[in-house]
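J.: Please find one structure pasted underneath; my questions will follow.
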Amino acid sequence: MEKPRGTEEAPSSEPMEEEEEDDLDLFGGYDSFRSYNSSAGSESSSYLEESSEAENEDREAGELPTSPLHLFSSANNRSLDGSGSEPAVCEMCGIVGTREAFFSKTKRFCSVSCSRSYSSNSKKASILARLQGKPPTKKAKVLHKAAWSAKIGAFLHAQGTGQLADGTPTGQDALVLGFDWGKFLKDHSYKAAPVSCFKHVPLYDQWEDVMKGMKVEVLNSDAVLPSRVYWIATVIQAAGYRVLLRYEGFENDASHDFWCNLGTVDVHPIGWCAINSKILVPPRTIHAKFTDWKSYLMKRLVGSRTLPADFHIKMVESMKYPFRQGMRLEVVDKTQVSRTRMAVVDTVIGGRLRLLYEDGDSDDDFWCHMWSPLIHPVGWSRRVGHGIKMSDRRCDMSHHPTFRKIYCDAVPYLFKKVRAVYTEGGWFEEGMKLEAIDPLNLGSICVATICKVLLDGYLMICVDGGPSTDGSDWFCYHASSHAIFPATFCQKNDIELTPPKGYETQPFAWETYLEKTKSKAAPARLFNMDCPNHGFKVGMKLEAVDLMEPRLICVATVKRVVHRLLSIHFDGWDNEYDQWVDCESPDIYPVGWCELTGYQLQPPVSAEPNTPQKGKDTTKKKKKQFGKKRKRIPSAKTRPLRQGSKKPLLEDNLEALGVSEPVPDDIIAVCVKEEHQDISSLDRSPSPQLPLPIESIKQERNN
């Protein structure tokens, strides 16, 4: 059988012996992760030890990709930020930090807890080795040192259940409340954006191996047997991480087709069952269709393609994220976007970080991706001249598990790098005019002014005609950002430009405005207008973060493509909630990403849900603007209310709208990402009006 390159041999870490239970053999080399959550269990500990050993041996042999964390250990002579600090990796938990912040003279551990755990487990391992008659070794083995692949693998398969502290369902709870992409795509003949369009997701650069017609071994759900059995299926259609499969033997009969996520445990390359002594059994519906199934399969498999043998291992490796719970960093202040605040990483899901503000309450959080331009290493604000909130008051967080586990500051290498800038020959100046995406209304591109030029290419920008006079609505963009544009960009690309508030001359003309304000436009040569061949097309479906409520990921559609700029429409919501994002934004994901990571996906809803609560609203029109998106996940607790797209700072009007127990508004700022120099053509086809089914709003379960 023909296979993609690099699939000739199975990884050496794959166990060959037969398991007692059929669900133990996951990822072609990683055992069951069911007991991952019970770290005190001896069975889990034994597995973690064995997995860590096998993983290390394979990595030394060059068979497994090196994780981001291991890259630091080989660069321990490099300075982190030019201050002479050296990176260090904790030998117990694998966290990355600076040597000066680590515990003990040897700087081998990030905390006294890790040091004691390592010492205790080393002694246990030594005693166990002697009892087994093994000679003592110089390098002690740590019994409870969990392999990264085990942890991420456990999360990848959503073995855990429950909710985060902010009420967001995860794991199986999220999948139960989830959304059926397969039915949605098939019923309306929608097309999903390919995984290869998203450079921040697992295996984006290898998804070309997944194609129509390829064969896989998949769990047979149409069998009445005491154990799990498998059968061969053909990929009929690929939609993001999800594929439409048809069991071999049904031929042209599509009545039993089913959707499956390729990142799940039950899909394997051809040959996996033979290697792992699993049984291939045809579905009960067609069991009597052929008498010689072996000959039939041989004919069907000749010349076909399958998944790489290490597909799931690479999937797990690509989901190793260097950020860990307890790392400190600087993040934009959601209540005042012109400054940053200190925060601590609380949760990492699929590269998305839930951050807790150090000077806030235990539920004062902020969600963003680890590649977001809104987060920075500690000291960034002071270095570039950006404002930061300094508070003498620090809330008592001793009871909070995240703040009890603060290890160290996140090192600069963990953050997305920005493009180097050269200011010779003219640079941005204060007072220059330009066009920019409004971070408080991401569906609008506005006339803006450079208010301050910071170091390292950063700019403080404000929207002309804004309500603030003290600079509290300024926001920071890097000069290479694709969220800022030269004057006349909107005019040239037929995009509606939002004029300054109070500007009466219609239509807006840049020449007239510059003359009236006695200002000049920023030179077009200073903007980064590179456009890669991103592959997005109008009408493609994806999963997108609602940046005004960034803990929500919703079903969305690419409404318009302008060079590398995408207009994202949230299915079921009004156009006023549309958002402009860059084609390489880390806040958009392929179909099936939420299912892959165990995150809850918000389904489309009707524009006017028929619910009893709606009948109680006296000002329905305004209520829709402020409270509509919040109804996607009613929180178990009183949550800060995120506004709609038009008026993000109207706290005084909340009582008039009938909102109970209002709290300070949460403002989510810029949606930008680092760029690469490529060339692509302009796609400006109009957006179709897509029919949307009426779906019920999914609600969180209270713990």
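A Cβ is built for glycine as well, from the same backbone N, Cα and C atoms used for every other residue.
In case it helps, Swiss-Prot gives these features for our protein:
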BINDING   Cys90, Cys93, Cys110, Cys114  Zn(2+) binding site
COMPBIAS  619-634  compositional bias 'Basic residues'
CROSSLNK  Lys405  SUMO2 cross-link
CROSSLNK  Lys647  SUMO2 cross-link
CROSSLNK  Lys673  SUMO2 cross-link
CROSSLNK  Lys698  SUMO1 cross-link
CROSSLNK  Lys698  SUMO2 cross-link
REGION    1-85  region 'Disordered'
REGION    604-649  region 'Disordered'
REGION    675-703  region 'Disordered'
REPEAT    179-283  repeat 'MBT 1'
REPEAT    291-391  repeat 'MBT 2'
REPEAT    397-500  repeat 'MBT 3'
REPEAT    508-604  repeat 'MBT 4'
J.: Would you count the other C-beta atoms found within 10 angstroms of the C-beta of Cys110 (Zn(2+) binding site) for me?
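T.: Counting Cβ neighbours of Cys110 (Zn(2+) binding site) within 10 Å gives 26.
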J.: When DSSP is mapped onto helix/strand/coil, what comes out for Cys114 (Zn(2+) binding site)?
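T.: DSSP assigns Cys114 (Zn(2+) binding site) to helix.
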J.: By DSSP, how many residues in the repeat 'MBT 1' (179-283) are helix, how many strand, and how many coil?
T.: 21 helix, 29 strand, 55 coil
J.: For Cys90 (Zn(2+) binding site), just count the other CB atoms lying within 10 A of its CB, please.
T.: 23
J.: Please give me the CB contact count at 10 A for Cys114 (Zn(2+) binding site), counting all chains in the structure.
T.: 22
